[in-house]
Every structure is written in structure tokens, then in C-alpha cells.
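Engineer: As listed in TrEMBL for this protein:
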DOMAIN    113-176  domain 'P-type ATPase A'
TRANSMEM  279-302  transmembrane segment
TRANSMEM  325-344  transmembrane segment
BINDING   384, 386, 771, 775  Mg(2+) binding site
ACT_SITE  384  active site, 4-aspartylphosphate intermediate
BINDING   384, 385, 386, 481, 526, 546, 577, 657, 658, 659, 745, 774, 775  ATP binding site
DOMAIN    797-1049  domain 'P-type ATPase C-terminal'
TRANSMEM  861-881  transmembrane segment
TRANSMEM  911-933  transmembrane segment
TRANSMEM  945-967  transmembrane segment
TRANSMEM  979-1003  transmembrane segment
TRANSMEM  1009-1034  transmembrane segment
């Protein structure tokens, strides 16, 4: 597509340098400042449409056959080309329509009006004409036309609010900051006087990363250099909110914007069924080639006999005798390929696409319809904990300061529970220095966060009064931050606002404390801990640090560590989320040194993150521990029932979380992932420190092998902890298979763990489910990715294959819909191969009786319409509506899921059975009709049946047999099934009567005239048709009966059981039956 091509070209041109220089407003720097080197960048056009249509890979074989039609083929070009033309046309129309819609959307976007500054005036032009370096003005509720560096806004503090829902799904407003030296420019004239250059990295798709710096020139003095980061970058597609207007300079345009670079499609996921289809297609392609080779060889063997090559009535011409024998043989080979090409079920792919498109019912948001059947093959489920298993509805439970425990009002999303009043203290309040630490703890929680305060008299009908007399609402992308700020408010400290880098809090004495915010120190993208440099009104400089115990305790030098650690572990056992708080004081000299190192690191264009991490490591040493907090996140409704059902279905569940082992274990007990009698196999960093990794894994292996005979889901569960330096990140797949169920504490991205299980020896089908942006990596890596539409934005849902509202819906999605999808499409695939073998193998046998002359057994119309009309609708409807067991039974008995696991219905022995069944039926059709015609006087008037009557008799038995075979396999009958199945047979009869009963003026010759009526006028023909259909269906019926009696599957036992129950309850009538659109 165009976007890929342009991206590659742009990247190729700029690989010579690591950064680019942009001249703001296209103004050259002052003389002597630096060399002016104009650079060329793409315009602002967005191109998402494709250049042209490219068919699916499996069609290339058929296209090759289309080219061979120039040879003297045994069938007409229409007969050979029409099915292929139909397939390609349907796909091309679908893709062409989608491409037209993309063109239409691109044109609308590229022609949007944009305001930019030119010679101190506001000028309007189309978006596509924007260039890098243009200064753009964007008004409230408008989207940014390209990636901009934020220069100034209508707000005096130089901030603006932005929503990025169209980029990453995050609906919360984000605060962006203007460059310090340009935020005072509030109008067009001021902006036009700006002399500045921007140095930044080349375009890259990461939405959350940007490295650059701006040089602002004042007269001829040395430029003022300021660092630029993601907080200064306004992305194309984001929307300006609660800000009248902003000015920004374009740095990335068109296909170089981060939004366009993220157009690149996710790696194509392919289901196990699709892989099996392709393998079986190769097998049938080999069969096709073998048939053609055998017939070509036998033709020349037969023609080697005297007078066989040139009978008296068909002598060769002189030119035919002089033709090269190898060219003639190759031509014959291609002719046989065309004759037998119908064994390749091209129409199967169209039917599968239609089935997947029509099969989508109500309930989930479907982003990827071609993975429906994969829902019935899942062996591993990787799930996030917070927001997925839990509600992500945080309640502040308690805090521990210097060993003293405080329990405030219970706050939940701003609502005060009525049964709690006042501040309950488990321990007495500390005195002296302990009192000072207590106040520092409360201040740290009031200040160390990214919460925004939205002030209003009435917000969404909810009025929240504060002691300050103001009404406000706390907003944050993290619910636990809001819970902490609200919880501390009930303990007497209220966070008021952040304005002009001054943070205000209201203390217990109703005195407003105001201090200067020096800096936020965001340690890493996983937010394992969070720092803030804060200057109080008393002249003291503090570093407040809040984070997980695993991040805080290694950095702590003093404080009541043992008491607080004990409380943290106790809360973790109860399933509470814990955070620790620490602080450190700086002198002015120490702060100046820190600030210098920070500034140097932030101005770096290369390895900025690494240099910042080194500075942070120096700053965060020798902290003083203040205390810890505990927040509760309740388990979602029916989460435990869902996990229990998945386990009964044979699915292994892994919980990937960043919580402590005790917290994770408590949650797993609550959701029934762990049982009280379960032996926990623990593999943590602490245990590896005591014992080598090899010894730990060896002991675990011995334990599992010792109980292998009685191994059940309640026997063992594993807890695995992975940290940045943990060798577990490099474990082999076999080592992971030690545990049957697992919980991981992950400090790295979740993706490597999912990938490790995917690539294990068994290659199991994996499913990942999560609700946050941090879950996207494992959602993309797993075979099936499920996004929860939760409180952490919609990024997980947007990147997933399917999105559901709650974790509990996963049960029905896998056990019911996944089961149905897999059974239906498996039958569809096997049936298509079966009916094509039945169709073309009699043609292969017929060549032995016609001197390998490539004479067709069937009429041209029958060859064309067999897969398009006569046998297509019944299997399509079957694949949409079949329910071999009711949905209620599948939900009540999850063990039925095991019957279809591991691609059970598309294994080799099943495929071979269907193929040999097709060969057997084809032999019955052909030789049954052949021996019937052995007595040439099969009509009452003594007339003999000819070649076309013989082929019509075989084709009639074929159509009835394959249709009735599907009817025998159908268990869920509705009026639609009856209409389509019997209607297809009736359509064949009516078509044959019309095709052979009327002289069609557009045909040069009509070889089928009166053939079908003549066949139906013969009593032996009727008897032969009925007898051959019965003999063809009998082996499959006997096999089903014997297997159901001697080796029944769990599904067959359930069917038999409920058939008996339905007979006993025969007075119950089903008034209506619906299709497979089962809602969640």
C-alpha cells in the first residue's frame, strides 16, 4: 500500500542522520549562529488507500490454470474460468469498495482547512499543503493537523489539555506544557518574531516517546537551549480541550506523523484451521498433479498399441504427426490439469469468508473475524489482574505510618460509605518526631501523583464539597491514585490544585500550604515508582518517592522498615494493593548539582533515557521510609466461576501481575485459581538466591513427576516471579511446562512470557486478555487477543481481536461460541474436500474407458454450477446454524470443550477418513452406473443410454448423496435447514429439466437436449439412483453407529443423554428456533 511505500522511502532517505533540524517559521538563524541547511520533508497528505488489488496467495494456483486455457482444453474457457472468476470478483469487489472508502476518507482529511501564521497574519489553507516548520494555530475542539511542538497557548501558565482517544483510546484529558521561553507569545505578531531552531529525532511510531531540544535566539547572543519531550509534543489526531487556542510548529507531517506510522497493520494472525486448510490444499494439489501425470503416462502407453493412436475414423493430420512429442505430452499434462482442477476447492475460501462474516453475532466488538474458530482451540489463557479479574474500583483501606495504622472513611469513586464515620486509629498517634513523619507522609500522598482537579459547581449531577468551600472532581488515568488522594483527604489533608508550578494543599488546621514543584521524575514507563521534587514555603527541598515495595525497600536507608514490611506483607496476604512512601531532603547545593545533571541528560538527543536513569539512580539513594498504603480492588462478578469453568475445560490459566506474591496468591484463592488443598510450587527471586535456578527447576520437575499419575488441576499451582535481572526471562519452554497453572509477577513487558509458551514443543494455542495499555504487548503476541473495555482507556480493546465488557463473558465466548465456531468450520472444510473428491474422482475413472482422451464425464453446466449453486448453500447454512449440543449444555458442562481441543476435528486421521469416504462414494457412483449400463436396454422402448445420460446419472447420484450426507450430519433442524437442503435438490431437478427440455437459442449445439427426461423415464434408472445413494451413505452411517456405541466421546454421551430426556419430556415444544447469533 502507499503508506508502507512512502514510509520506507522516507526512512531510507534519512537513515544517514539520527536527527533533523527544523527552522521555526522557516526563518533562518541569525548570521554566525549556525549554517542554514534547508531540508526536504514530505507534505501533509495522508494516504491510507491501497495501490491496487492483490488476491489471496491460494488463488495464484488457479490464476496459473486460467493462463493454461489457451491450450486446447477438454472443457470450455467459461467452464474452467467461471468459478475462478467468481471467486476473484467477489474478493476484488470487497477490497475495491474498502479502498474507495479509504480514498474518500483520505480526501476529506487532506482538504480540511488549517490556520497558520504567515508574515504575522493568520492564513487559511488546506491541510495537505502544510510543511515542516509552519507555525499552526489550533482552536478548542479541533484536531491537530500534524505533529506539533507546543509553543504557546491562551492559558497564562502555558498549558493545554488534550484527549488522544483516536490514537490510543485513552479518554482522559492529558496536560501538555509549552516551551518555557515561548509560552508568553499569545498572538500572531508575537509568534512571528520568534527565531528558533528545533533539533529532534527522526520519525518513529512510539506515541509516548519523543526526544528533542529547541534553540531560542535573542538578538546575537548565544541561544537558550531547552529540552523537548513528549509533554511538549501534540500528536496528529489528538483533540484540543478546555483551551481556547494554541500555537505550535510542525515537525512531522503526512506519512511521517506518529499516527501514520502506526497505520502499519499488526502481524497477521492465522488460525489453526486455516493452517490445516492450507496443508490439506497442498495435499490435494499433489493429488491433482499425480492424477494428471498418471493419465498422461497411461495415454501414451495406450496409444503405443497398434491402431490405438490413429483409428481409421480419426486420422492425424500432417502437422500433428510432426509435433514434438515432449511438447505434445506437456500439452496433454496441462489439459488433464484443467480437467481435474475441480478437486481444488477454490469456492471453499469464499464460503469460509462468508461464514466468518455472517457468523458474527451480538455481544463482543469484533476486530478480527478470521479467528472465530480459534476461540474453540485455546489451551492457555494469560490474564491481567487489575481491571480484568478485578473491578479496578479502588477503595482506600488503610495506611501505616512509622508502624501506626490509620483507617479513614472508606472512599469509593468519591462516594462515602455511610457506616464509616471519623478517623479510626488502630494504634495511638505517634508523638514528637513521629508526628513530623506523619505529616510528611500525608503531604507526600497529596503531592506525589498525576491527579488533575476539575473545578465546577456541579459535575455530572454530583456535587463534592471541600473544606475550602470549593467543589471539585479528581481526574486521573489511574484509579488507585484517585483513591489515595481521596483517602488522605478523609485523614485531614486535601489536595487543591497545581497552578504555575505551585502545588496547594489544605492541612488539618484548614491552612493552605503552597510550595513550588521543581520536577517530576518519572522513573520508567511501567511506573514501578514515582518521584517528585518539592520546595515548601519553609525553604526546604524534599524528594518524595511513592512506589511498589520491590522498588522502594532496596533504596531505603532508615525508617521503621521491619514494622512497615510486616504490615505490607499482611495486607498483601489479604489481597490488598500496597504502595510504600519514602522521602529525602536536599540542600540548595545538592539540588543545584542534581538539577545540572538532569538538565544535561534531558538535552541529550542520544540515549536520553539511559542518561536520565543514571541520574535517577544517584538521586534515589538513601531514602527515609515513611509508611505504606493499602488499597482494595474487588474481584469482578463471576470471575471465580469463569476461571473454574475454564479449568474444567482443560484450559491452563496464568495471571500476569506486578503485585507481591502474597497479594497475587490471595486473589488467586479468591477467584478459585488456587484451591486450599493445592500445593504451591514457588519460584521467586528470593528462592533462586538461596538455591541455584537449575536445582530449583530440578526439584520442581521431580515433584511433578512423582505425582504424575494423579496429577489434576488441584494438585499443583505455580508462582513465578520475573524481574529485570531474573534469569527466568531466558528459561526454555520445557522449564515453563513444569507447572500446570501459573501466576507471574512481571516487572518487564508481558510479551516474552506469552511468546515463550507459544514456541514450546507442543505449540499450544494461547489467549491473552487485559484492559490497559500495558497489556497490549501480550494481546498482540497471543494467538487470540481479548480486550476488556474498562477504566484504563480503550487501547487494549482497539489492539485486540475481540473486545468484551467483562471477564465473565470469556466463559460463553470460549465454551459456547468458540466450540460452535470450530465444529462448524471443521465440518465445512472436511465436507468441501469430500464433495470435491466425490465430484472429480469419477472423471478420473472415466478416462480409463475413453482412451485418456480428456473427454468430460459431466456436462459443462454441471461442471460450472456444482460448487456455485447445487451444493454451496446447504453447507454455508450448516456452518452458520449448526448446534450439535445446545448452548446451555455447553455452559453447564465445560468438559465438552476438551472434545474439540488440539484441532481434534481436523487431524490427519479425520482428514484421511473423509478423503477415503469420498473415494469410496465416487467408486460406487461410477461403477454402479457402469454395471447398470452394462445392460444396454434399460428403457422400455429398447433405446440405449448414451455418454451424456451416463454422466447425468452419475452426477444425479453425486448431488443427492453429498446433500443427504450433510443432512445426516445436521442435528439442529429449523425450517431454514429444510428449505435450503430440500430446495437445493429441487433446484437441481428443475434446472436439469429446463436445461435439457428447452432449445436455447444462444447455444451452437445442445448435447444435453432431452437427456435428463430420458433418464427419468427409465424405471431401472430410478432404482439405480436410489440403490446407489443408499450404498454410498451406508458405510458412514454404520461407522457413526459403531463409534457411538463402542467408543463414544463426551459430546456423544451428552447427546444420547439429552435425547432420552427429550423423549421423556415430549410434551415440551420448541416454539421458535434462532440462528447462531448468540449474545453475551
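Glycine residues also receive a Cβ, built from the backbone N, Cα and C atoms like all the rest.
Please situate the listed features within the shown structure.
Structural biologist: Summed and averaged per residue, pLDDT over the domain 'P-type ATPase A' (113-176) gives 85.
For the transmembrane segment (911-933), the list of distant contacts is 276, 280, 830-831, 833-839, 841-842, 845-846, 849, 945, 950, 953-954, 957-958, 961-962, 1020-1021, 1024, 1027-1028, 1031-1032, 1035-1036: same-chain residues at least six beyond its ends, Cβ to Cβ under 8 Å.
Within its own chain, the transmembrane segment (945-967) has Cβ neighbours under 8 Å at 831, 834-835, 838-839, 842, 846, 855-859, 862, 866, 870-871, 874-875, 878, 921, 925-926, 928-930, 932-933, 936, 938-939, 981, 984-985, 988, 992, 1007-1008, 1011-1012, 1014-1015, 1018, 1021, 1024-1025, 1028-1029, 1032-1033, 1036, counting only residues six or more beyond its boundaries.
Here the transmembrane segment (979-1003) has Cβ contacts under 8 Å with residues 859, 861, 865, 869-871, 873-874, 877, 952, 956, 959-960, 963, 966-967, 970, 1009-1013 of the same chain, all six or more residues outside its ends.
With a threshold of 8 Å between CB atoms, the same-chain residues lying at least 6 positions outside the transmembrane segment (1009-1034) that come near it are 920-921, 924-925, 928-929, 932, 935, 938-940, 943, 945-946, 948-949, 952-953, 956-957, 960-961, 964-965, 968, 992-993, 995-997, 999.
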Engineer: Please give the sequence-distant neighbours of the transmembrane segment (861-881): residues at least 6 beyond its ends with Cβ less than 8 Å from one of its Cβ atoms.
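Structural biologist: For the transmembrane segment (861-881), the far contacts come to 75, 78-79, 82-83, 86, 342, 345-347, 351, 354-355, 358-359, 824-825, 827-828, 831-832, 835-836, 839, 951-952, 955, 959, 962-963, 966-967, 969-970, 972, 974, 976-977, 980-981, 983-984, 987-988, 991, 995, 1008, 1075-1076.
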Engineer: For the domain 'P-type ATPase A' (113-176), DSSP counts of helix, strand and coil?
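Structural biologist: Taking each residue of the domain 'P-type ATPase A' (113-176) in turn, the totals are 7 helix, 38 strand, 19 coil.
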Engineer: Write down the Cα-Cα distance for residue 384 (Mg(2+) binding site) and residue 658 (ATP binding site), rounded and given in Å.
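Structural biologist: For residue 658 (ATP binding site) versus residue 384 (Mg(2+) binding site), the Cα atoms are 9 Å apart.
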Engineer: What's the most sparsely packed of the binding-site residues 384, 386, 658, 771, counting other C-beta atoms within 10 A?
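Structural biologist: Least crowded of the binding-site residues 384, 386, 658, 771, by Cβ count within 10 Å, is 658.
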Engineer: Could you state the whole-number distance in Å separating the C-alpha atoms of residue 577 (ATP binding site) and residue 771 (Mg(2+) binding site)?
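Structural biologist: Cα to Cα, residue 577 (ATP binding site) and residue 771 (Mg(2+) binding site) are separated by 18 Å.
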Engineer: Let's check the environment of residue 775 (Mg(2+) binding site): how many other CB atoms sit within 10 Å of its CB?
Structural biologist: 30
Engineer: Take the Cβ of residue 577 (ATP binding site) and count every other Cβ within 10 Å, whichever protein chain it belongs to.
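Structural biologist: Other Cβ atoms found within 10 Å: 25.
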